[in-house]
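Residues or ranges marked as transmembrane segment by TrEMBL: 173-195, 261-282, 294-316, 458-476, 583-606, 793-812, 832-853, 929-951, 1043-1068, 1124-1142, 1245-1268, 1341-1364 (among others). Among the features that TrEMBL reports, N-linked glycosylation site is placed at Asn240. Residues or ranges marked as Ca(2+) binding site by TrEMBL: Glu275, Glu637, Glu1014. Here TrEMBL flags 385-415, 718-763 as region 'Disordered'. Feature annotation from TrEMBL assigns compositional bias 'Acidic residues' to 399-409. Here TrEMBL flags 744-755 as compositional bias 'Basic and acidic residues'. The domain 'EF-hand' feature in TrEMBL is assigned to 1380-1415.
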Amino acid sequence: MGSKRPISNMAAASSGSGPTSLFILTEKNIIRRYTRFIIEWPPFEYAVLLTIIANCFVLALEEHLPGGDKTPLARKLEKTEPYFLGIFCVESTLKILALGFALHRGSYLRNIWNMMDFVVVVTGFVTLFAQDELDVDLRTLRAIRVLRPLKLVSGIPSLQVVLKSIIKAMAPLLQIGLLVLFAIVIFAIIGLEFYSGALHKTCYSIEDLNEILAEGELATPCNTDNATQAVAGSYICDYNSSLCLEKWEGPNFGITSFDNIGFAMLTVFQCITMEGWTSILYWTNDALGSSYNWVYFVPLIVIGSFFMLNLVLGVLSGEFAKERERVENRQAFLKLRRQQQLERELNGYVEWICKAEEVILAEERTTEEEKLHIMEARRRAAAKRKKLKHLGKSRSTDTEDEENEDEPDEVPKKKGFKGFSRASYLKSKVKNKGACKRFWRAEKRLRFKIRHTVKQQWFYWFVIVLVFFNTVCVAVEHYNQPPWLTEFLYYAEFAFLGLFMTEMCIKMYALGPRIYFESSFNRFDCVVISGSIFEVIWSAFKSGSFGLSVLRALRLLRVFKVTKYWSSLRNLVISLLSSMRSILSLLFLLFLFILIFALLGMQLFGGAFNFPEGTPPANFNTFPIALLTVFQILTGEDWNEVMYQGIESQGGSRRGMIYSLYFIILVLFGNYTLLNVFLAIAVDNLANAQELTAAEEEQEEEDKEKQQQELEKEMEALHMGSDGSPKLDTTSPSKKSKGKRGHKSEGNGDAKTGDNVDDDDIMGPKPMLPYSSMFILSPTNPVRRAAHWVVNLPYFDFFIMVVISLSSIALAAEDPVEEGSFRNDILNYFDYAFTGVFTVEMVLKVIDSGIILHQGSYLREIWNVMDAVVVICAAVSFTFDMMGSSTGQNLSTIKSLRVLRVLRPLKTIKRVPKLKAVFDCVVNSLKNVFNILIVYMLFHFIFAVVAVQLFNGKFFYCTDDSKHTQDDCQGEYFTFSYDKRPPEVKRREWKSQLFHYDNVMAAMLTLFAVQTGEGWPQVLQNSMAATQEDHGPILHYRIEMSIFYIVYFIVFPFFFVNIFVALIIITFQEQGEAELQDGEIDKNQKSCIDFAIQAKPLERYMPKDRESFKYKIWRVVVSTPFEYFIMTLIVLNTLLLMMKYYKQSVLYKETLHYMNTAFTALFSIECMLKIISFGVRNFFKDPWNTFDFVTVVGSIIDALVVEFGENFINVGFLRLFRAARLIKLLRQGYTIRILLWTFVQSFKALPYVCLLIAMLFFIYAIIGMQVFGNLHLDPDSSVNRHNNFQSFIGGLLLLFRCATGEAWPNIMLSCIRGRQCDPRALKFENGQVIEDKECGSNLAYAYFVSFIFLCSFLMLNLFVAVIMDNFDYLTRDSSILGAHHLDEFIRIWAEYDPNATGRILYTEMFDMLKNMDPPLGFGNKCPYRLAYKKLIRMNMPVDADGKVQFTSTLFALIRENLSIKMRPADEMDEANQELRVTIKKIWPLQAKKVLDLIIPPDNELNTGKLTVGKIYGGLLILENWKTTRFGQIEASASTVLAPIRNFRALRRVFSLDSILALKYVTIRRRIYTFFFNWDMEQSF
């Protein structure tokens, strides 16, 4: 018995229970035993889960009314509260009794879920007994219990992948969170300094000083009411009717402001999420003038949104890929093990049966019939196995299925087996039927003919054409269509349905149901046709359609079968389907997240969104609306508006600010974490799909090569002579065997020569083409030779680039409003000159190269075609100009032709190689996106058609909400404003919503706007309010219509757009890696080598005289306590800067001022001490010191200006220096330092990407100026004084706003035809004014949609690509050396080499590497022998003084760590040569300087030269010798090592051939002979 007790204790420990529960109940106590049984009983867990779900249902059924009123249902539901609480309390009590409370391992509170349960139960009792005293209803916490089902589903591998990847990403995400927080704090402090209290002035009416006069709908901050004092670009109140007074609470209930650090941080966070940031920019412009505010907001968006928040994506993507790979490997291992086990069992079983069969066959009593039966069964099994092999192939296309369709009939027939095939089975069935025999034969023949017909190519294309016509018929349906079209479409629908049903029946009959349903396309057809039949029946009984018939359009995807894209598209689909589990798990997680936050929102804000102007559409009053509100916040659209209303409903900016946390957490965890996992999955899948495609292409290549080889063998056999002797083949074997590869390499050669032509064009003169130019000018013609000489002058291209730049500046300087202005006249003359230059350039190039007919001629290159079009169009527009025609048509023609001048900057792309590389990357991305783009367009079209079916003609409304039809919407009505003004009389108007679904094109535009996430909540509200055709809206009439938008969001923004982004990211990464493939080094190795080539040792100054005062100061300045003291000062200074607030008292302001002065003085003293100790020259060598000095000088000037000269000089920018001190904090933390270093690296990688984006912005800004620059600035529209194309800078800011997605659909609709013109644009040169002139253009649709597509989907994703490329180390295995580790090497080297000589003793180098942590160094725990072996492989040269070189050591360390061309000792010379070639190729310029340093030539490593490898080789031999019995002689370690320490002796020893190349015995003999002066043979 005694022996059993410990086992039971171990079992108890392993099950997680402690010795006693609550110090009372022991293990054997009957109560504890029974409670344990109950909590471990599965039905108990399910009962608890059902209770949780029921509780969530009860919470969801509540409807929250204003003022805490309750519906009768809510009162009844409230009575269930104690019952739920009782159940949860019983559960908690049972678990506490069974497990114990908290003190021992495995007890109740040691589990995170149980902690949450306990808090829920306790708070439940608090709310039950003290409801009157508490403001907040803590019952909401119980909603968090809905997370508990995750305990059950965490066993599902796919959910595990998603959850684990998110959880594992938390550590690096926290680092990024700190960096983002740091950026927010810096920008908030700058905002606090510049904008504190700036947004509290607005225009008040002279008649009533409490009445605000608004510009448009909303009140606007003002600068002054005196135009003479106003700052440029600020808002001036009309002094006749209003005063500019500082007593307004501010925009958005006073929440959007920089009045204190809390408000400032919230405002900056809102800007970083790119929602509502333009409004804040415009308000600051109104308050302070528009000159410099963009300098604050644009970097905030670029750094905060484009960089910082995209890091989240990079981290999640890496973690997801890593976790998925780990789970896949685990699953594969388990599957293999299970398979092997099954195989073993099955083989044993089969073997046993076979032996039994052999015994039966051998027995004499077995009859012949039984023997035949056994043999037949064996043959059948073999045939079945063969058939299974055939059917194991992929079946994604019809043709593949149809190839296999005959197999069941044909295979057995060929083999001669009877009784297996379907045909022979039918024969056996009908053999004895007599009269039916002929009928069955005829039926079989008919079926065979039909099957043959179905497989014909014409039948396939006939079906495709039918599908196309059906799609056209579905697409032409529109609002207000003529009755004949309605009737035609009605009958056409039946006709098409009949045709497709016939096709399905024919196929099913011909192929048989089993084979028909094996094809995924056929299954899809069947589902769509069944849906269409259901739809026809439904619409016969009830009006309305679901639009299911449109899914037939998906059959157009079959066309892909005949295109080359099919395999890549199929692989993408396969990859997506394989990760469907992860996607469904993520959707489930997303749904749980939305559910919890919706319930939480209902408890916090339910019934509270009541404002004088009414309840906003996004609220938390009922469960469905709360779900939609949370979903809207997740998509990021107008989340800030909901937050403002939430804060205002809970007490406004004074008491309700704490509620902003709900919205911030929702945005951070929902929008930036969960939704980014979708993109992570997309990137991962796309990488998989591309691997599959590449593998297939390789397989095809191999198959072709094999076929070629077989063909050649057959040809050789044919070549054999009659006497049997083979004929000699004169072709070389290499040519013979290459086959297809030969062609491929030739193609590559052509491509390379093409590239070389380009390079020659850039690098130097190219020879004249040997063809006659334009059939007139031969290569020897002096005119052509002169033209060729001019074109190839070294400065010709540079001159053209200068002219392009000047031409671009001239374009940007034009006045788009007053076309006949003096400035435009001057610029016109310049334009003549520029066009003249470009015409001369074109003529010269045409004379030199010819026009088009021969290779290498002018128009054979796409860039030249563009040049020619621009020049010719400019010439045509000038011709029109000269003719002086002033008719409107000619003017518009001239304008449209002159807009083409904007393409001139594109000419620079060809002339800048790196820019061309980025451009090629974008073009390649577009090529890759093309096949997905077609599918995307098709799905987009399908959703548009479904939307037309659902909402056609239902988006009309009357300006008077009480009227619902056009007939009723007549006359006038009163509008009452909420601020007690007298009612206004307005005319009733019947209008259509701006975005509607009246036809397919309008629907596609609306859905595109919805997909970008801009303005979609309004479209959703309109859709839910839609009633019938030609009827007005009723709020929340059909909430179920929201399902359409949720599905659309999941399909498009969550999937298709992410696949776009993923494709661009992967293309970019592939292009980056393509150049490295020849050199056989990867991206990480390249970045490390790049670092090593550019690295220089860091100088650490130290005074020579140790007794001097200077040295003592230096000791203080470089000491660790001093560093910590300065760091503490910076932190305190930061806190001081954060303490400022609006309307602070005079005493408080003075205190802050004096404290700031004190900090300035302390930092000045620090700076002075450093200058004294280091000396001026050495002080400024460190960039951080320079930064400190500038900050200190700026702070001193700032303090002096504040103290003495505030009136006479305005140097507000000096306040930036106060915030700049924070940046010094960044150099303290190791992780932050690495993040910052990588951040800078990604900035270095971006100039050409930025240049390309700048070019796109330039082109679109100029087009915008030319086409939309003359629009009237209307405060009620989106084209207003803040946002317009009337200047180049204004146009750029407008486009930047569109790129961030800020209400771009509204701007587009404000630019379409029929808009009012700017008064200045109506005047002409002869003075006449055309009043009825209309401005704007329908080009706006194409202009904005193409810009959003190119900029948001393509260009800005290059940012993401660069960031993911540079920050991949965050999720990589930390044991792999990366470029971000190498900065530490420079820092530690400086401790050994303070004067930056670049050389240290080899012994110091060994100490240094031992002190550095892996993966960079060896680490303290690295055994000596292992360190010696590493150094032997590194093998850097040692100079006469025993020193190693900085660059050589760093490169050798990188090479050893990353195994860059590291081979066995006898192959290292060859490897070195290869590496030298690779480095010369990738770094042609730098290689000239440092090649011999990083890869020392052979003469520095061979005979007579000392290297680190030889030294530590000797030491390693010595270590090995010590372990032998000969090493045990009575020689102390000091005598053994004495000669080693003597460097001269060492040099004498190792100047012979390299020890490493000698055999062990020889080495040992030499060591004995040279070190210990005795004869080795004697000792043996």
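For all residues, glycine too, the Cβ spot is worked out from N, Cα and C.
All TrEMBL annotations are machine predictions without curation.
This view paints the features noted in TrEMBL onto the structure.
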residue	record	Cβ contacts under 8 Å, 6 or more apart
Asn240	N-linked glycosylation site	none
Glu275	Ca(2+) binding site	Gly636, Glu637, Asp638, Trp639, Asn640, Glu1302
Glu1014	Ca(2+) binding site	Glu637, Gly1301, Glu1302, Ala1303, Trp1304, Pro1305
Spatial neighbours of the transmembrane segment (1043-1068) far in sequence, C-beta under 8 Å, 6+ residues away:
572, 587, 631, 635, 675, 678-679, 681-683, 685-687, 690, 921, 924-925, 928-929, 932, 936, 939-940, 943, 946-947, 950, 1007, 1010-1011, 1013, 1016, 1019-1020, 1023, 1353-1354, 1357-1358, 1360-1362, 1364-1365
Can we call the transmembrane segment (793-812) and the transmembrane segment (1245-1268) in contact, meaning three or more C-beta pairs below 8 angstroms at a sequence separation of 6+?
yes
Under DSSP, the domain 'EF-hand' (1380-1415) has how many residues in helix, strand and coil?
22 helix, 3 strand, 11 coil
Could you tell me whether the transmembrane segment (294-316) and the transmembrane segment (1124-1142) have 3+ CB pairs under 8 A, leaving out pairs under 6 positions apart?
no
Within 8 Å of the Cβ centroid of the Ca(2+) site residues Glu275, Glu637, Glu1014, which other residues of the same chain have their Cβ?
Met274, Thr635, Gly636, Asp638, Trp639, Gly1013, Gly1015, Trp1016, Gly1301, Glu1302, Ala1303
If we skip the immediate neighbours and take only residues 6+ beyond the ends of the transmembrane segment (832-853), which ones have a Cβ under 8 Å from one of its Cβ atoms?
768-769, 771-774, 777, 783-784, 787-788, 790-791, 800, 803, 806-807, 810, 859-860, 864, 867-868, 870-871, 874-875, 878, 904
Counting Cβ pairs under 8 Å to the transmembrane segment (1341-1364), which of 173-195, 261-282, 294-316, 1245-1268 comes out on top?
1245-1268
Quick one: give me the count of other CB atoms within 10 A of the CB of Glu637 (Ca(2+) binding site).
23
Report the mean pLDDT of the predicted model across the domain 'EF-hand' (1380-1415), rounded to a whole number.
88
